[in-house]
Number of protein chains: 4
Amino acid sequence: MHEKCGVVGISLEDRDAARPLYYSLYALQHRGQESAGIVTHDGFQQHSHVEMGLVGDAFGPGDLESLNGSNGIGHVRYPTAGSVNTCCAQPFSVSFKSGSLGLSHNGNLVNADEIGDELADLGHAFTSDGDTEVIAHDLARNLLEEDLVRAVKRTMERIHGSYSLTIMHDETVLGVRDPQGNRPLCIGELDDGYVLTSESAAIDTLDGELIRDVEPGELVVLHPDGTGYDTYQLVEQANTAHCFFEHVYFARPDSTIDGSLVYEVRRELGRKLWKESGVESDVVLPVPDSGRAFASGYAEAAQDAGSDIEFAEGLMKNRYVGRTFIMPTQDERERAVRLKLNPIKSTIEGKKVTIIDDSIVRGTTSTQLIQLLKDAGAEEVNVRIGAPAIVAPCYMGIDMASREELIAGDQSVEEICDEIEADSLSYLSIDAIAETLQTSKADLCLGCVTGEYPYDIEGEETDREVTRPEIGEEPTVADD
Amino acid sequence: MHEKCGVVGISLEDRDAARPLYYSLYALQHRGQESAGIVTHDGFQQHSHVEMGLVGDAFGPGDLESLNGSNGIGHVRYPTAGSVNTCCAQPFSVSFKSGSLGLSHNGNLVNADEIGDELADLGHAFTSDGDTEVIAHDLARNLLEEDLVRAVKRTMERIHGSYSLTIMHDETVLGVRDPQGNRPLCIGELDDGYVLTSESAAIDTLDGELIRDVEPGELVVLHPDGTGYDTYQLVEQANTAHCFFEHVYFARPDSTIDGSLVYEVRRELGRKLWKESGVESDVVLPVPDSGRAFASGYAEAAQDAGSDIEFAEGLMKNRYVGRTFIMPTQDERERAVRLKLNPIKSTIEGKKVTIIDDSIVRGTTSTQLIQLLKDAGAEEVNVRIGAPAIVAPCYMGIDMASREELIAGDQSVEEICDEIEADSLSYLSIDAIAETLQTSKADLCLGCVTGEYPYDIEGEETDREVTRPEIGEEPTVADD
Amino acid sequence: MHEKCGVVGISLEDRDAARPLYYSLYALQHRGQESAGIVTHDGFQQHSHVEMGLVGDAFGPGDLESLNGSNGIGHVRYPTAGSVNTCCAQPFSVSFKSGSLGLSHNGNLVNADEIGDELADLGHAFTSDGDTEVIAHDLARNLLEEDLVRAVKRTMERIHGSYSLTIMHDETVLGVRDPQGNRPLCIGELDDGYVLTSESAAIDTLDGELIRDVEPGELVVLHPDGTGYDTYQLVEQANTAHCFFEHVYFARPDSTIDGSLVYEVRRELGRKLWKESGVESDVVLPVPDSGRAFASGYAEAAQDAGSDIEFAEGLMKNRYVGRTFIMPTQDERERAVRLKLNPIKSTIEGKKVTIIDDSIVRGTTSTQLIQLLKDAGAEEVNVRIGAPAIVAPCYMGIDMASREELIAGDQSVEEICDEIEADSLSYLSIDAIAETLQTSKADLCLGCVTGEYPYDIEGEETDREVTRPEIGEEPTVADD
Amino acid sequence: MHEKCGVVGISLEDRDAARPLYYSLYALQHRGQESAGIVTHDGFQQHSHVEMGLVGDAFGPGDLESLNGSNGIGHVRYPTAGSVNTCCAQPFSVSFKSGSLGLSHNGNLVNADEIGDELADLGHAFTSDGDTEVIAHDLARNLLEEDLVRAVKRTMERIHGSYSLTIMHDETVLGVRDPQGNRPLCIGELDDGYVLTSESAAIDTLDGELIRDVEPGELVVLHPDGTGYDTYQLVEQANTAHCFFEHVYFARPDSTIDGSLVYEVRRELGRKLWKESGVESDVVLPVPDSGRAFASGYAEAAQDAGSDIEFAEGLMKNRYVGRTFIMPTQDERERAVRLKLNPIKSTIEGKKVTIIDDSIVRGTTSTQLIQLLKDAGAEEVNVRIGAPAIVAPCYMGIDMASREELIAGDQSVEEICDEIEADSLSYLSIDAIAETLQTSKADLCLGCVTGEYPYDIEGEETDREVTRPEIGEEPTVADD
């Protein structure tokens, strides 16, 4: 169970931004189902609507009507629990003496408590323990003394961690990506304006065109009249720390992130998976829906290599999985996994089977699934995973599991294979990931697969010399 | 937008039926999302919990706790509107002088108003205009004078139309299927009891085994102690009228209905579609999720026939489609279809494309989808449908559309092809359906594809001599 | 905080009972605000609607519409907590093999656990730990074997404690009062039917006439066609144990209970209070609204005796008191009592004041109130209470307080006067109560003012020889 | 059914204002039950919580917790319908470029549409058609160009009608009363701060002292640190137009408004009512609760004059009246009035009765009540009203009724007496009102009893030369 928030910001020429924001959030719904919100500004005042629930439930037609203004930002929130508390109900909005601020955040700060304490000492009252409120207060404070660009720069110098932000200061929409580019953020062009968003699929939904990713450490300021945007490279860092898991799991297959189309990346990872650890069997089954693209690449590579292996949809997913539901207890006869996935016997019975998925977190589901396939008559069950083993928790905004809960936390691949009772098990190599993404490993955040993080996290090792960001020189202004 | 209700009934040896009923309803969730309900009996009294919403939302842990008893029935309801009102909030429960009744109904009566009027004249007050309440009152009335089997028979002689029912009379669970077997109903065996349900996937979910379909006109009475069941062939009819659309669209791919595994039927229909009207192209894309099995059969048959055609997932479905949502208006820049399906450009650009779906109802989505593919660079878009054209409405429990709304209601295939701006369009033949289901056309309900119905419907033609059911002779008792 | 449930039962000639039941519950609203419910029977089936909240919130117009039938019962529930759990969400309804039962209960059984355990051993499952469900199950069980009157008698022989019940067995409405008549129940005649209810004010609301109180130990069976009723003296007991607190506090002033009009009783108690302990002062103030009738009797007696004392409304009550509300904490400047009662300075300043109330429970409010009056300039504050001091808890259905919380639990009148900082304090004598009610003390439940109870309560003394009720002989049938 | 909104504003030294605001709203609850809201400012940002429902339902403990800051305003709203739309969900809050505004309004503007149209032309978007939003936008606009006092003055010069406002500009709390002082507003001192509120009873609730009424046309600015306040007489007008109905009906008896204690005013009006039109009878009954103070003054004057008339509470009011409730239809046997008021027969039977109330609006209730008293055996029913007859609608913020609905709209007192079937009927004179309030008639708003209004209302006559307010000269600063 690992996902994350989605952010968006839109400036249009002369129509209201509320509906395009709404459709964008719908396109980003997979990044967060707990709450949805939109904040707009009509040039005179700010309007806000934030509610718990899915986008479709959070907004009624009247809510969109009352969100006046051609500039706005939006947010969908993923429900986190425990220590890796990524985001809070958003956009966070605050009216302060020099105007109003709205903030949508995807990511996780490492030093939020520290900054929060400083601000509390200065008299700031916080309504939550969320990172976002800390960023908003810090920025608002800076705005009392500085112009917009300098104020953002000062805040970026203080906060440390992963963040992609869309911000609204009065009617101006901004986008900021952390200096290491951990979380995605891109900019797109519409017929009558510009959009900043976590994933390019949201731009497609608006019939717009992806322009490019926002650069790590870059600030993008949309013109409130929808006619263009300015960019400022505020902070430079030697290396990036892109999250490779966006490509493997989080993002929609139809999004392009840091230059790569996610669907093609997954197919290629599947192909590499065959090359690295392909195993002959009668049939390849994706674990739906996450394993589908990997499995089709794997099967294709196998067939290209002359294998007779068949690609089939042998596991039927209950499409209502993921909603509120009372799971069976251990001693109930119903098996939890069977509520999610039902094997199609004719595809499996008497056959050697290979199942393909993107990851194994706790291992419980895998164990149950393999048992299920054997009960359905599979002679052999091989497991191939389209990513390296997850050996450590994520601190950057993804709620995976604690180290103790991770099946690969302290076990070898052989031990895991034994535990889940598979006939064989292989993970993809880290090199295959870097190669497919055409990136150096030094430019990826590999914390969850190496245990070494690109940020300074108490009690954890880091894989780089972490410096507070360097401050950029001259703002550059883009043409539109 | 066409789906239907799901029903279930369970008798267990000595554990509560509430949780297995709950998991069954979850497995049947695709048959109805408007309401969910369970009625149980603990030998002394009846317990009921019926609520609007999805199964997971309708029941909390405390609700299941309070549904005492090892016998019970359940229901999920599909929201219908207008004239084809299939079902109401269910199970319907009524306590009357000789005990209590619970009723779950999937189907649609042709003469409910007539019977309802007769009962109203006898002083019965109805709280809804639903078929189910009419059946319940008629049955309760008969039970005041007759034993259970005779009471059911008398009611079956009065009601005309499609119905699969699970019934609870005090603690006894029954299943009844209409004499023409229009809606599915099957019986399965668990470790410690028996289950009656719309689809066998629900039996799988409980780790049980499908025994067989309930026969048209048959009554199955589960022993309240979970040790067996009796069957009574109450009505015989020369021909059945199975709904072929269950196989094409409604049912889960992993269910076996009237002897055929739905997934294999769809793959085979896809293969026949290639044979009947295969067209060379670069890539075959399923319209997710409904077209996937058809498309894989189609692609397989093509490849077997030596075609180079590639099978790819080029349309990404927003997995939150189908929930409450404010759609764009005609003149908004955002296109409605793009909120549901986003094309992956790399799969489509510069290519000849064939898209495969199970049906075209109004044609609006198809038109938009073809436009979208052309915008994404498709050189050619061919459309192949894995079922015959829908030319007439369904009166048997599926809310498709009125005749005027159906794109094939009064147009030829060529005209439809022009309207949706496809480069070519073919439907599958009715013969291919009958052949794949290994059934005579006379034993299928083909109303929606021929306009001739197996029931007596005012203002419509019938394709058979409709007789009120013949009454069966001797009850047969099954071993367990 | 002490109140109780209200019950009602109605049989009409040929109009629906739902609306008269609804208006009755509204008239009884002061007896319970936590939940409201109605159960009706239309001759064929039972209809039920029970919801949390006030009568007006619990029922919408459609709810009343769907409660078909000219016979029905209703209930309003007072929220109890802790050990003196009086009632649960009601009417409780259950459908069992020989029909359906509905039950509304006001009172408290002493041996519910014992009977509940016996029934549980026989396989009965309880959904709550309420008395009502136990009575319903016991009665239903008896009804499987006996006719209605005998079944009720058998249940009355088993249950011990206070109860006024309205019951519906299929379409027949019954009223039962416990053998000692602890809780009130009366019967009234309407133009077109009969009504059983806790208080006669509900009969007034329906433009009906009070016939008489139901006798202790009596069963009243309304004819389902609204044309009359039969009565059966099922159990005889030497003494009654009427609750005198109904007259002092619980009941509406406009109700007649056990032959006395509550308003006149309170005025007379006020007059006796002057005679027993009248004190000269400038002004007499009622504590609104509970002290008003007492104070007017007191002032009248004083004026008749030649006193110059003035009667005035010097304390203004916030009419929203009693609803959900966040009270100030101890150290907040706002005083809790001031949110409820605000003194009118002109009536109080520089004056000797006497305040009149019906009771002192914990003493906190009295202390604050006296302080408030002194702050407003009262020279002297005398307190007169129109009932004896409450020295012990109530086990019969009223949630007062535990013995430790009662200010009079272990203190003398002088000590209490000191604690609340009054200039003088007097309570009314027990004899004055008995005299005013024209009853022997032996026929009253005086548990809360003597600590000796008319029932067998573990750990408490009793003031009489408690016998399980004697069984009556011949049923008597009343004319109507 | 006529009531109005309540407003409050508080500045404290160093504790949060949320709880005192909450208790103030509770004290003002009678002025509005539809919604309740609080807006606070903590020096850095504004916090707001506005919800439908009663104060106790609108706020949970967590809501108060999160309303940080020692300055704030609050509002309770009365549900208006039709043309006399007084207020909307409030406080209305808006964040604009030079800070944040919060606004609570009691009253009704005559020219809101006109100003709203001007602002809309300047690009302002309104979310409601409420007066309050118009005032807020106009004021915010002025604040972009002027200092606070001048900005308020400019807004006061533009708006015409009745208004008492509490305003928060960033952390500064203001109070403004319209130049004719139509709606009440007063200022009080707490131990640690100052409060502005509609009625002094709210100050009592906080254990504070009433300082004085805010003058017509005066602006009061509280010091944000709770240490004092400044006042500015911004507009002078020759005559005031105080609403006398505040004294007769709306306000709490324990409030002091424009120098008079409401309770004493009502007693005095009762005394004058005896003097003007006293009638000998056996008993005087107040219509509870509105007639009580009038009736006690009336009875007192009668007794002083040597009459034997008795004062008694012969009509018992259901204390749940006024909440949601389904009323009986005309042809139902239950009488609507009996659900509200039940006569105590012993007080009425065989007696000559005089009932006292504050007003007759439509006359329906009076007619039913008189019939009820006669049914209960009254020999004679005299009606005395403690105010002049209402002959015309109110446009200043009270939702009475349209002219056609008013029983006195076009009938003489004799005709009304006939219509309601009273034995005699008298109203109090206008002179008695002015005399009791020690005010000239020219300084009262008498629109509803004369049909001539102190404001310029389209289609109605005015009783004065209406001028747009004169602008005051020098601000005066009060000591504290």
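Just so it is clear, glycine is given a Cβ too, placed from its N, Cα and C backbone atoms.
All TrEMBL annotations are machine predictions without curation.
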Could you look at A:Ser290, A:Ser424, A:Ser426 and say which one TrEMBL places alongside A:Asp357, A:Asp358 in the Mg(2+) site? A:Ser290
Of the candidates A:Cys186, A:Cys394, which does TrEMBL annotate as part of the [4Fe-4S] cluster site that also includes A:Cys243, A:Cys445, A:Cys448? A:Cys394
Per DSSP (three-state), A:Asp357 (Mg(2+) binding site) is strand
Suppose you look only at the domain 'Glutamine amidotransferase type-2' (A:5-225); what would the mean pLDDT be? 91
Setting A:Ser290, A:Asp357, A:Asp358 aside, what same-chain residues sit with their Cβ within 8 Å of the center of the Cβ atoms that define the Mg(2+) site, listed in sequence order? A:Val248, A:Tyr249, A:Pro286, A:Val287, A:Gly291, A:Phe294, A:Ile356, A:Ser359, A:Ile385, A:Gly386
Give me the Cα-Cα distance between A:Asp357 (Mg(2+) binding site) and A:Cys448 ([4Fe-4S] cluster binding site), rounded to a whole Å. 17
Within a 10 Å radius around the Cβ, which one of these binding-site residues has the most neighbouring Cβ atoms: A:Cys394, A:Cys448? A:Cys448
Can you name the residues of this chain that are 6 or more positions from A:Cys445 ([4Fe-4S] cluster binding site) yet have a C-beta less than 8 Å from its C-beta? A:Ser162, A:Gln180, A:Asn182, A:Ala241, A:His242, A:Cys243, A:Phe244, A:Met396, A:Tyr453, A:Pro454
Check A:Cys5 (active site, nucleophile) against DSSP and tell me helix, strand or coil, would you? coil
Pairwise Cα distance for A:Asp358 (Mg(2+) binding site)/A:Cys394 ([4Fe-4S] cluster binding site) [Å, integer]: 16
With A:Cys5 (active site, nucleophile) as the reference Cα, tell me which of the binding-site residues A:Ser290, A:Cys394, A:Cys448 is the closest one. A:Cys394
Students should find that the Cα atoms of A:Ser290 (Mg(2+) binding site) and A:Cys448 ([4Fe-4S] cluster binding site) sit apart, in Å rounded to an integer, by 19
Please compare the recorded positions A:Cys5, A:Cys243, A:Ser290 by how many other CB atoms fall within 10 Å of each one's CB, and tell me which has the fewest. A:Ser290
Give the number of CB atoms, excluding that of A:Asp357 (Mg(2+) binding site) itself, located within 10 Å of its CB. 23
In which DSSP state, out of helix, strand and coil, do we find A:Cys394 ([4Fe-4S] cluster binding site)? coil
Tell me whether A:Cys445 ([4Fe-4S] cluster binding site) sits in a helix, a strand or coil according to DSSP. strand
The correct three-state DSSP answer for A:Ser290 (Mg(2+) binding site) is coil
